[in-house]
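**Q** Feature table excerpt (Swiss-Prot):
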- 66-120: region 'Disordered' (REGION)
- 164-232: region 'Disordered' (REGION)
- 170-228: compositional bias 'Acidic residues' (COMPBIAS)
- 245-288: region 'Disordered' (REGION)
- 264-287: compositional bias 'Basic and acidic residues' (COMPBIAS)
- 312-398: domain 'PPIase FKBP-type' (DOMAIN)
Amino acid sequence: MSDMLPLAMYALNVEPYTHTPAVLLDTPVTVRITMAAIDPEPFDEDKKPSTLRIIRRNPVYLDAGEVDEEKLIEELEGDEAAEDGDEASDDDKEEEDEDEDVDEDDEDDDEDDDGEDEYEECVVVTLSPETRCQQAIDITIAPEEDVQFLVTGSYTISLTGNYVKHPFDEPLEDLYSDEDSEEYSDDELDQEIEEDDELDHDEASSEESDEDQEFYDAISEGDEDIDEQLAKLEETSDVEAHLEDLIAKDNKKKRKQEQLDEQPETKKSKKTKDEKNTKATENEKKNKAQVLEGGVIIEDRKIGEGPKAKKGSKVGMRYIGKLKNGKVFDKNTSGKPFYFKLHRGEVIKGWDIGVTGMAIGGERRIVIPAPYAYGKQTLPGIPANSELTFDVKLVSLK
């Protein structure tokens, strides 16, 4: 374990009877958990000790998208046997049909066995405020592992540790193929550098010539005015004295004109810039989507006013619940609002996370992944493993 380099702190709260993923599936880093501690505030009045369980997907289990080579070979052989059977007698066909039925039953039994072995569940630790409040552990979870935690009991268990760099993690430079890089000889590189230098020099020369021409034109205009007045003077001393006066007056006039030109533009541009920044900030706060714990996504449509909802707050909500295909499965848009207390286990986990931080009058869209909604449960109008979208409005807060 000494070879693993800590990168950042890891922390996760596992509330009772809520399947909580150990890490997000798109987090390409190893996690090392070293401490489990209990929250002394109970979720219910039973005050039962909390047991932390780890649920791990079996790595050898075949995903739905993977191909079982043995089954594929059996299917191909079955097709060949069917073709040969066209030439066989009727009695042979009946025997083959019976064999195929038996094979199908065996395959169904194998699939049932595989489903039972898909997940492994183990007990990690049991904690209680009266006997043991915390326990040092040492669990390392690789990025490719599908791991969830589940607490049974009356108390939340907090897990802490570190995101670590594992010696077997793939370095970033290995993600890029050597075939993508072009090989150049020293002569080709020198030639390209010389060509780039020539292009840069030509562009710079062109820019300098344009700037010099503008500068010279401005000087020439000023010199013409001075020359006209100097032509009227005959003595050298008068010319020198008058020249200094003309130059000073001309410079003063230019500075004054520049100040007059810059002042209105500065005030106007500053005012316009402030208005744009204010509008941009408001729009950003209003429409920017945020990804919270467990992949719950919130997007504020309207910012409310007053105190914000927090843990233990009693909130009254209006809402419309939709499936991913847009079908409405539940709503509360009139009559008595829907009341509940935040983070007391009265609603699905995604609602506790998504409603926290809202103020009265606020409107928000909450997108909840299946594990933080109803998971594998099938409810009226809600299929198993459904992602749910709620458009909610906070109408009361206590």
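Heads up, residue numbers simply count up from 1 along the chain you see.
Using N, Cα and C of the backbone, Cβ positions are placed for all residues, glycine too.
Remember, it's a predicted structure, so these values are computed and weren't measured experimentally.
Locate each feature and note its surroundings.
**A** Per DSSP, the secondary structure of the domain 'PPIase FKBP-type' (312-398) breaks down as 10 helix, 38 strand, 39 coil.
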**Q** Compute the average pLDDT of the predicted model within the domain 'PPIase FKBP-type' (312-398).
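**A** That region's mean pLDDT is 94.
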